[in-house]
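Sequence annotations record features per position, and here Swiss-Prot assigns phosphoserine to Ser7, Ser59. For Gly103, Glu126, Ile127, Asn161, Ala162, Cys181, Thr259, Glu260, Glu261, the entry in Swiss-Prot reads S-adenosyl-L-methionine binding site, with the evidence type sequence analysis. Annotation source Swiss-Prot lists active site at Asp184.
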Amino acid sequence: MKAKPLSQDPGSKRYAYRINKEENRKELKHVKINESSLVQEGQKIDLPKKRYYRQRAHSNPFSDHQLEYPVSPQDMDWSKLYPYYKNAENGQMTKKVTIADIGCGFGGLMIDLSPAFPEDLILGMEIRVQVTNYVEDRIIALRNNTASKHGFQNINVLRGNAMKFLPNFFEKGQLSKMFFCFPDPHFKQRKHKARIITNTLLSEYAYVLKEGGVVYTITDVKDLHEWMVKHLEEHPLFERLSKEWEENDECVQIMRNATEEGKKVERKKGDKFVACFTRLPTPAIL
């Protein structure tokens, strides 16, 4: 008889840890951290440990993941993710999401962007279940531990498939920045259609990105870098920004060093290929 994995064995420490974290998530996920009993008692929440959130490195974007998504952006209740920005009188949000990290992984980029852009709501979209849970728990802990300063209230994560449902979440021209950091390279040619940058998807990104907005890309795979640059340069609504612009942009510096994948590449002394593109004005129809 095959033994159960440790994560499913009721007698294991890992199982107990995951059950405890799941209960904490249910309790804290949709409440204002400064109103929780933990903060009132002055307690700190330990940051989650990745080893308890085992997940495959990649997920098939074409599979049916039974994801929840709104019919339209107007049907999305953002107050569950950003309760600090909900108007108590009318129940409406005081801000909209303007920065999106597509395939946010373990959330390192968002966490570094949060204090750098305190006036912007930042959303990470991640398709993998356990990775999303990890980022949720990480944000819960960070919000709790910096409650006196209302820290990290402007970031959150959403389990979603950006290749299928991005326009369901964002209005036309809503975003000012989109990040694609170390995406799945899909090396095999028959898998290239699953890459996050394609001609079709770029038209959707152009729709939700405002004119003058920026698409940020970074990867350690030269072939993928050349693929993304080629497709973005061929698209009529994007234009590459200069190397000088990249060197002086705050987001590029954060993007190079904040993500877990970026740190791994740094440890291995690998290359990081960066390319940034601005959203051009939509041509007038005569």
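Using N, Cα and C of the backbone, Cβ positions are placed for all residues, glycine too.
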How big is the gap, in Å, between the Cα of Ala162 (S-adenosyl-L-methionine binding site) and that of the residue listed as 'active site', rounded to a whole number? 13
Collapsed DSSP category at Ala162 (S-adenosyl-L-methionine binding site): helix
Over all shown protein chains, what is the count of other CB atoms within 10 A of the CB belonging to Ala162 (S-adenosyl-L-methionine binding site)? 24
Between the residue listed as 'active site' and Ile127 (S-adenosyl-L-methionine binding site), what is the CA-CA distance rounded to a whole number of Å? 12
List the residues of the same chain that sit at least 6 positions away from Thr259 (S-adenosyl-L-methionine binding site) in sequence and have their Cβ under 8 Å from its Cβ, in sequence order, or write 'none'. Gly105, Phe106, Gly108, Leu109, Cys181, Phe182, Ile218
Once the DSSP letters are reduced so that anything not helix or strand counts as coil, what is Glu261 (S-adenosyl-L-methionine binding site)? helix
